[in-house]
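Copied over from TrEMBL:
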TRANSMEM  A:27-44  transmembrane segment
TRANSMEM  A:50-69  transmembrane segment
TRANSMEM  A:76-95  transmembrane segment
TRANSMEM  A:101-123  transmembrane segment
TRANSMEM  A:130-148  transmembrane segment
TRANSMEM  A:183-200  transmembrane segment
TRANSMEM  A:237-259  transmembrane segment
TRANSMEM  A:271-296  transmembrane segment
TRANSMEM  A:316-335  transmembrane segment
Amino acid sequence: MLYREAGDFKTSYIADSQTFPIRFDRWRYYAVLAVAFGIVPFVINDYWANAVLLPFLIYAIAAIGLNILTGYCGQVSLGTGGFMAVGAYACYKLMTAFPDVSIIIHLVLAGGITAAVGVLFGLPSLRIKGFYLAVATLAAQFFLVWLFNRVPWFYNYSASGQITAPERTVLGVAVTGPEAPAWAAYLLCLVFVTVLALVARNLTRGKQGRQWMAIRDMDIAAEIIGVNPLAAKLSAFAVSSFFIGIAGALFFAVYLGAVEVGEAYGIQKSFLVLFMIIIGGLGSIFGSFAGAAFLVLLPVFLKNVLVGGLGWPSDLAAHLEFMIVGGLIIFFLVAEPHGLAQLWRLAKEKLRLWPFPY
Amino acid sequence: MKMRLTAAALAACMAAGPALADLVFPDLSYRTGPYAAGGIPFSDGYRDYFTLVNERDGGIGGVKARVIECETGYNTEKGVECYEATKGEGALVYQPLSTGITYQLIPKVSADEIPLHTMGYGRTSAKNGEVFKWVFNYPANYWDAASVAIKYLLDENGGDLSGKDITLLYHNSAYGKEPIRTLENLAEKHGYNFSTIAVDHPGQEQKSQWLQIRRERPDYVIMWGWGVMNQVAIQEAANVRFPMENFIGNWWAGAEHDVTPAGDAADGYKALNMNRIADYPVFDDIQEHVVDAGLAAGDGSNVGKVLYTRGMYAAMLAVEAAKTAQEIHGTADITPAMMRDGMEALEMTEARMEELGMPGIGPEFSVSCSNHGGSGGGIVQQWDAAAGEWKPLTDYIQPDQEVIQPLIEEDSMAFAQENDISLRCNES
């Protein structure tokens, strides 16, 4: 009943090929956007912004980025943390070198720089595949973190080796630094998420996305039907790194404000984002959001329930959290190997027929 | 899925306890992860002292202290979450026991106007209270520690270190990098050859670092380690037969659990300490009122250990600052801003420490508007593996302020300039 196509006529090709062809789905999407832009900024507080929403939005961008590379183009990458670090350090260098330029331009440029670095580290993908490529990107992860720790120029020779985001404003409102109000930081991230998700969605639906998917499904066959593997793979690396770079820059500038590369962008970040897309669903934009939400919200939720609600000792709760999150990951992968996105797809199919399934 | 989880998380947050009229001291602890070995005893000591004050004295000035524990896992993201989750409860002072989290919190506490006390860690230049209004790092800081270590070595070598090779083995993070500048400047002054070797988080793998040490044979190795890194380093030092008495850890690399895994091989290892360890009378009170009453934060086995003592010392300084604040403002129910005034007016004397049942636990010092760092002294202690205890070798050694003070001035002024902070102490 809910997701019905009956009576939902399309009279133009544009209408037929829109992102959300089912009317109910479209309205749901608009409703989510309206709540996110129209209501949340007015009720948000520091805790919600810093503990829940900012990490969710930023990880969603990173997950979309990795999903383009791994889910759509089939190139496994373990270098996400390193590429996020490139975004963060690029953003930091730009922010401190050109303080008068808008932070938004810096964030986009940071994404661009990361895209260039991503292409560089994507070159081996033309020769190696699968696990071997994963190892090659792992090398990128370790090399990049080592580089940012090793070369003082990247952190402006500060004594502690940390980078700290100076205050920057958008339309007169601070979005980075400690004085930034929660709603401003949230809105900045939300705008980036919305725009980038739209871009990703349309890229993956179009010619470029089809090339990526052809490469993913069988690269030799794709080459035979005229897909240039060089262009397809490197463009996947570039676009993916662009997204991840912006996520890394937001993570540093807006969310944390000060980072230490080894801790904030270490190998565990790469795994976290990889888990997000595996749990969320490979090759799905919605899956990226679902996976990010799952892995960001669940620990916070469990902690609040176990420590805040039940009053358990914090160390017991922390250990249980590992076990519950780990157990749920295994459960989800066993019950639904295609991730949360597939569950959502099935639910939609069922809802279409409900209440008269045949 | 997202919406449902959000709603559930919201419900969980709402269910968190209502604010009570008491003095709130958040304990950003870490009882899990590679740094838990240090985090557990410190947190036990910190919490037990507040429990003792509540049980024995009926609170601070008649108002009960409430400790909210929040697990950070030594992770900055979780630290930020903990900070945001607890600051609304009326938190009086934060002690994150992590330099990484401290760097995150310095701008935040300054904006939210909550004091931050980083005892012997954190950002060294926060000693300059002119710039860092809300941050305190008494009684000592990293640069003090570096200078104390060098002074001790000077003493050992009859005042001359020229031509000696000194290597710093450090945790590759903001924490480990802190002393490098000071040690470099001291190298210029005293003429020793200084080199650094980094160990990446978490530090379980140090074979190549110790191979390098074995090859280069420095005269002394100074270590800035924490967590599992300390145990591994001491074990590796024993493996390459580095003379233990030439191996000096800082005060975060000198607890029982750091040396016991290496057994007898760790005998003679030296470490700094900013507080003395002894069988203080206050431990009997803790045993009676806290551990035996079943109120201990841990299992009670840590009482009297190095980091337990330090955690208790940190809590004691917080309680004393709260008392000072109550006196200054004439109210028992103090706010974070009042707490800050109390911390800035804190004065620790020998008599006061004796009164509290911990004579000589720390140096005598007083905090002022421009000096948030205390006196800066540290002692050197040595591990006696046979007896299984730390033996103090020296009294409090005063650091070389001639070298440190200009560095603090330079670093804090750079921070003031970056963040547009005007100096405050001469105004009033």
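Cβ coordinates are placed from backbone N, Cα and C, and glycine is handled just like the others.
What you see is a predicted model, and the numbers here were worked out from it, not measured in a lab.
As a quick check, the transmembrane segment (A:27-44) and the transmembrane segment (A:76-95) miss the bar of 3 or more Cβ pairs under 8 A, pairs 6 or more apart, so the two do not touch. Comparing A:130-148, A:237-259, A:271-296 for CB pairs under 8 angstroms to the transmembrane segment (A:316-335), the maximum falls on A:271-296. Here the transmembrane segment (A:271-296) lies next to the transmembrane segment (A:50-69) in space: the count of CB pairs under 8 Å, restricted to residues six or more apart, reaches at least 3. The stretch in closest packing with the transmembrane segment (A:183-200), judged by the count of Cβ pairs under 8 Å and taken from A:50-69, A:76-95, A:101-123, A:130-148, A:237-259, is A:50-69.
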